[in-house]
Amino acid sequence: MPVTVTRTTITTTMSSSSGLGSPTIVGSPRALTQPLGLLRLLQLLSTCVAFSLVASVNAWTGPMGNWSMFTWCFCFAMTLLILIVELGGLQARFPLSWRNFPITFACYAALFCLSASIIYPTTYVQFLSHGRSRDHAIAATFFSCIACVAYATEVAWTRARPGEITGYMATVPGLLKVLETFVACIIFAFISSPHLYQHQPALEWCVAVYAICFILAAIAILLNLGDCTNMLPIPFPSFLSGLALLSVLFYATALVLWPLYQFDEKYGGQPRRGRDVSCSNRHTYYVCNWDRLLAVAILTAINLLAYVADLVYSARLVFVKV
């Protein structure tokens with residue numbers, strides 16, 4: 001689905017420049033010598049080294065370690081797939097829109113590696129005793145940070161700029177959709193225990209808000225990746241505007257209700273971390289309930305800001321032609 005950034009003159013396309021100021025060579029090993037090719041090689045190397053270091057000493061026990069290992073392996077595999085497609089010039093045969101897929105993945109990968117670079121050292125590495133395992137874990141964290149920067153650089157290089165015709169996912173609203181769904185996934189991870197919200201209907205409504213907004217944003221992403229935006233019964237621009245407005249309203253209610261019913265004693269909440277018995281002892285690989293609830297409140301605020309920005313950018317900066 002082509003997207004034009006308004007208030008400028010159309011001068012070039014993603015397929016000819018990739019936002020790097022030089023032609024992209026596909027179907028040839030020379031693609032690896034271009035700036036974007038070299039950047040993807042760095043991504044491939046850093047994620048490979050990260051999971052190899054951890055796997056060599058089995059330093060990925062528990063849910064947090066599993067998440068980090070999954071992140072590095074997934075990013076490595078998908079980056080390798082992208083390199084193979086571009087080296088073979090197979091973009092036309094790829095089942096998803098090549099205008100949208102690489103930058104969508106790069107944005108997700110940057111967020112995944114960022115989360116692993118924070119979660120792994122804070123919930124796992126600090127509990128390891130000094131020795132070979134700890135040294136490998138610290139080195140893996142370093143390479144995870146390198147991968148995060150490399151993926152974020154690709155997003156910055158290939159995002160839509162004034163005067164370009166490109167896929168919707170390369171625009172700011174498209175990238176915000178990625179952020180919104182990613183933050184929602186982290187929220188789901190923190191509220192994976194039903195007892196954290198099932199005791200209050202207001203909290204159940206908050207969980208419903210997270211689920212509904214995630215599904216709608218995911219649908220928007222999948223429609224763009226599959227070039228299926230014309231399947232909607234309403235124009236796609238109207239769907240995007242309605243989605244952003246609805247999500248802002250829903251998340252605004254969740255931002256009020258979640259802290260109110262989780263941290264206010266009048267509504268059965270727990271205002272102080274010290275009163276939560278699950279937080280009394282520090283335990284390896286474990287995040288206590290009060291910390292989870294606080295994280296969800298913070299992530300709710302972050303996603304509300306993302307949806308507000310999405311609504312503003314969608315209304316002011318781009319228009320979509322299906």
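Cβ atoms here come from the backbone N, Cα and C positions, even for glycine.
Remember, it's a predicted structure, so these values are computed and weren't measured experimentally.
These come from TrEMBL:
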- 31-163: domain 'MARVEL' (DOMAIN)
- 168-319: domain 'MARVEL' (DOMAIN)
- 38-57: transmembrane segment (TRANSMEM)
- 69-89: transmembrane segment (TRANSMEM)
- 101-125: transmembrane segment (TRANSMEM)
- 137-157: transmembrane segment (TRANSMEM)
- 178-196: transmembrane segment (TRANSMEM)
- 202-226: transmembrane segment (TRANSMEM)
- 238-261: transmembrane segment (TRANSMEM)
- 293-313: transmembrane segment (TRANSMEM)
>> So, taking each listed stretch (38-57, 101-125, 137-157) in turn and counting its Cβ pairs to the transmembrane segment (202-226) that are under 8 angstroms, which one gives the highest count?
In response: 101-125
> On the 0 to 100 scale, where does the mean pLDDT of the domain 'MARVEL' (168-319) fall?
Replying inline: 87
> What stretch, picked from 69-89, 101-125, 137-157, 178-196, 293-313, has the most CB pairs under 8 A with the transmembrane segment (38-57)?
Replying inline: 137-157
> How many helix, strand and coil residues does the domain 'MARVEL' (31-163) contain under DSSP?
Replying inline: 108 helix, 0 strand, 25 coil
